[in-house]
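Undergrad: Quick one: this structure, given as structure tokens, is what I'll be asking you about.
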Amino acid sequence: MYPAHLLVLLAVCVSLLGASDIPPQPLNLYQFSNMIQCANRGRRPTKHYMDYGCYCGKGGSGTPVDELDRCCKVHDDCYGEAEKSQNCAPYWTWYTWKCGSDGPQCDDSETGCQRSVCECDAIAAKCFAKAPYNDANWDIDTETRCQ
């Protein structure tokens, strides 16, 4: 084997070792993001919902700050119910849906866990599209406002 080949092989191995420390992203969040874009017809980027209020984004506590934040709390609760009643892993559950004229629609062939998680996401995406967005509630200090 040529020395150049060994260097390339070593570089690939080192790259893979470094990548193993990066946590995988939940597959479902990609679908949920697309559902949000379907529901709001691309009027607001999905990232604007990732750190909003007390419940939009990772975790959640306290009282929702507004209607949009309530949508996120309902979504969190819906995922919690799917975990309990369907023994689901909502963040990892892949489902089939389409973007219709009324917004996201879950495929009728989906049942059980996939159906539950899809409905949680579709309902939340439609709720996001209807709720007003208050820039002052993005990236708030959750330690003081979400008790």
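Backbone N, Cα and C define each Cβ position, glycine as well.
Keep in mind that this is a model prediction, so the values were computed, not measured.
Below are the features I grabbed from Swiss-Prot:
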ACT_SITE  His75  active site
ACT_SITE  Asp121  active site
BINDING   Tyr55, Gly57, Gly59, Asp76  Ca(2+) binding site
DISULFID  Cys38-Cys99  disulfide bond
DISULFID  Cys54-Cys146  disulfide bond
DISULFID  Cys56-Cys72  disulfide bond
DISULFID  Cys71-Cys127  disulfide bond
DISULFID  Cys78-Cys120  disulfide bond
DISULFID  Cys88-Cys113  disulfide bond
DISULFID  Cys106-Cys118  disulfide bond
SIGNAL    1-19  signal peptide
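Locate each feature and note its surroundings.
TA: Look at His75 (active site): DSSP puts it in a helix.
Around Asp121 (active site), the C-beta neighbours below 8 angstroms that are at least 6 residues distant in the chain are Asn28, Gln31, Phe32, Met35, His75, Trp97, Pro104.
Cβ neighbour count for Asp76 (Ca(2+) binding site) (all protein chains, 10 Å cutoff from its Cβ): 17.
According to DSSP, Cys38 (disulfide bond) is assigned to a helical segment. Using a 10 Å radius centred on the Cβ of Cys38 (disulfide bond) and all shown protein chains, the other Cβ atoms total 21.
Long-range neighbours of Cys146 (disulfide bond) (same chain, six or more residues apart, CB within less than 8 Å of its CB): Gly53, Cys54, Gly60, Ser61, Gly62, Thr63, Val65, Ile140. DSSP classifies Cys146 (disulfide bond) as coil under the three-state reduction.
For Cys72 (disulfide bond), the same-chain residues 6+ apart in sequence whose C-beta sits under 8 angstroms from its C-beta are Tyr49, Tyr52, Gly53, Tyr55, Cys56, Gly57, Gly60, Pro64, Ala124.
For Cys127 (disulfide bond), the same-chain residues 6+ apart in sequence whose C-beta sits under 8 angstroms from its C-beta are Leu68, Cys71, Val74, His75. In the three-state DSSP reading, Cys127 (disulfide bond) counts as helix.
All protein chains included, Cys120 (disulfide bond) registers 25 other Cβ atoms within 10 Å of its own Cβ. In the three-state DSSP classification, Cys120 (disulfide bond) falls within a helix.
Sequence-distant contacts of Cys88 (disulfide bond), defined as residues of its own chain at least six apart whose C-beta falls under 8 angstroms from its C-beta, comprise Ala82, Cys113, Ser116, Val117.
In sequence order, Tyr95, Thr96, Trp97, Cys106, Asp107, Glu110 constitute the residues six or more apart from Cys118 (disulfide bond) in its chain with CB-CB distances below 8 Å.
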Undergrad: Other than Tyr55, Gly57, Gly59, Asp76, which residues of the chain come within 8 Å of the Ca(2+) site, judged by Cβ distance to the Cβ centroid of those residues?
TA: Cys54, Cys56, Lys58, Gly60, Cys72, Lys73
Undergrad: Measure from the CA atom of Cys120 (disulfide bond) to the CA atom of Cys38 (disulfide bond) and give the result in Å, rounded to a whole number.
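TA: For Cys38 (disulfide bond) versus Cys120 (disulfide bond), the Cα atoms are 15 Å apart.
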Undergrad: Could you check the disulfide-bonded residues Cys56, Cys113 and say which one's CB has the fewest neighbouring CB atoms inside 10 Å?
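TA: Counting other Cβ atoms within 10 Å of each of the disulfide-bonded residues Cys56, Cys113, the minimum falls on Cys113.
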Undergrad: Near Cys99 (disulfide bond), which residues of its chain come within a Cβ-Cβ distance under 8 Å, counting only those 6 or more away in sequence?
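TA: Listed in sequence order, they are Asn34, Met35, Cys38, Gln105.
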Undergrad: Just going by other Cβ atoms within 10 Å, which of the disulfide-bonded residues Cys54, Cys71, Cys78, Cys106 has the emptiest spot?
TA: Cys78
